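Q: The structure under discussion is supplied below as structure tokens; questions concerning it will follow.
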Amino acid sequence: MEPVRISHEVKANPVPASLNKLSLAGLQTQQETRKERIKAEVASKYNADDEFQFATAARGSNLEAVRQKVEREREAALQFDFKAKPVPHASTSAATAAKSTEVKLTTAAILREDALYQRKKEREAALLRAYESELRDPLEFYRWQANMQQQDEENWRKEVETRRLEMMQAQYDAVEAARQARLENREVAVEMKEQAKSRAAEREQEEKELLEKNRQLTDEMKRVRDTAPREAEAQVREENAKQRDALQEFLAAERERKAREDAKEQAAREDLIRQIRALDRVHREHIAVFDPTETAQLGLLQEMSLTELRERLRVRNEEQKCWEETRREEITTNKQEKNADLLERATNAARRRRATASANTAARSKKKALAAARELEEQALRRKNNFELAEKLQRQRDKRLEQTEKLRLEAEELATRRRFLGAAKNMLEKNHFKQLKCGFEREAQNRQGTHQVETITMENVRAQEKRMNADFRAHQSLTKQQEAQERTQVYSRAKDDARQRNRQEDETLRALVQHEQQRFKHAQGVLQARNIC
């Protein structure tokens, strides 16, 4: 007997006839009608005849006149007599506006711009020195480098366009793969349902066996629970009694030892108190005589008397005042020199800005023209690629429709044969779907191999680009290190000069201190000679 065939076709419902009668104008008319109807309903809900009429509204009032008077007073207070400036003409050029507008620069801005100019001069001087020493012009290399960077950018744009087309192709392939996966999943689901039924029966049998095993284990635990706790309690009580006796003996011995130690400490403490009280009863007489010319005789370094301290403070204050006056003069001179230097740098910077502005204007115009030409080329290339992709997808659709039609014809032929062959139809279907699956696998393998070759090529190009970027960054890092070494040398020389000046100042101060010490010793000797006489 032939089994009942289950159809997997999904029949869509017909389109409602009412949708064919609708149009955009009709929908807009319905929307306007609905708005008017809602507006009329709201207006009828808030009718003026239904409002409550207050008697105060009919009374005479000068509220409106007072309000107008207050508004006129406020407007009069806001009227000012002034003369407006004329509107600037739109035909004024940017160059004229730049000349008439003066921008005040800060000191930091002037120094930054001058430092940038100095670094540029140093790079140009380094190029000239390299040309003089190596007899080679690096401009050819820089031109080659710029051309290579431009070529890399063009390759990158082409790669982006290629990836975009690949993503569109991948999206289309993913949709088709998802459709095929749904068909395969439907077949797998039927098989999984049958396996689930068999596993459910096995699980039910295992649950019955586990329930019986747990029942036996529960009976055993009940039997043990009635006898084991009593034996454990007796054993624990016996062990606790032994531990209590041992602990009591240990505590008694510790109490006796602690009492003996406390008695010894108390006796030593009382003896120490008696000694301290005996020392306090002894009376001592202290006589202190102050001499401003003598030190405290404590044996400290740089020990001095009050007279010497005051004399040193006076000398130090005079030196500090002289240093402050000299420092003020130096600061004033440095400030004037700095202002003159800033003025000169600002003048040079303004001249350089004017020259740079004209050069940048020409460069921007050229760059915009190149960008416009590049954009036109990219648009033409994108249109061409889109057209080729559309043709490719159309060919794939035609091929898929042809394959689908072929499969449909084969299915009809297979159904015809199944009616005649009977028992062999299942085997024919399995072979048919197996051949289809093998064909799809071969197609996927070919597509995967092509994608792997393209990926390897792309990775090689990306690795080459990384190596070139790494070489360029290494060159830049070496240049920065050389500049940092030069700055470090300048800083080291300045630091050595400052250290030498500090050393000279320290030697001068040390000589002054030694001179003052000699004067003090001489004065002290004279005073001692007078006291002896």
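Placement of Cβ uses the backbone N, Cα and C atoms for every residue, glycine included.
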Q: Any idea which of 203-254, 359-410, 411-462 is down as coiled coil in TrEMBL?
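A: Range annotated as coiled coil by TrEMBL: 359-410.
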Q: Looking only at the coiled coil (359-410), what is the model's average confidence as pLDDT?
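A: Per the prediction, mean pLDDT sits at 83 for the coiled coil (359-410).
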Q: Helix, strand, coil residue numbers for the compositional bias 'Basic and acidic residues' (493-505) per DSSP?
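A: DSSP composition of the compositional bias 'Basic and acidic residues' (493-505): 13 helix, 0 strand, 0 coil.
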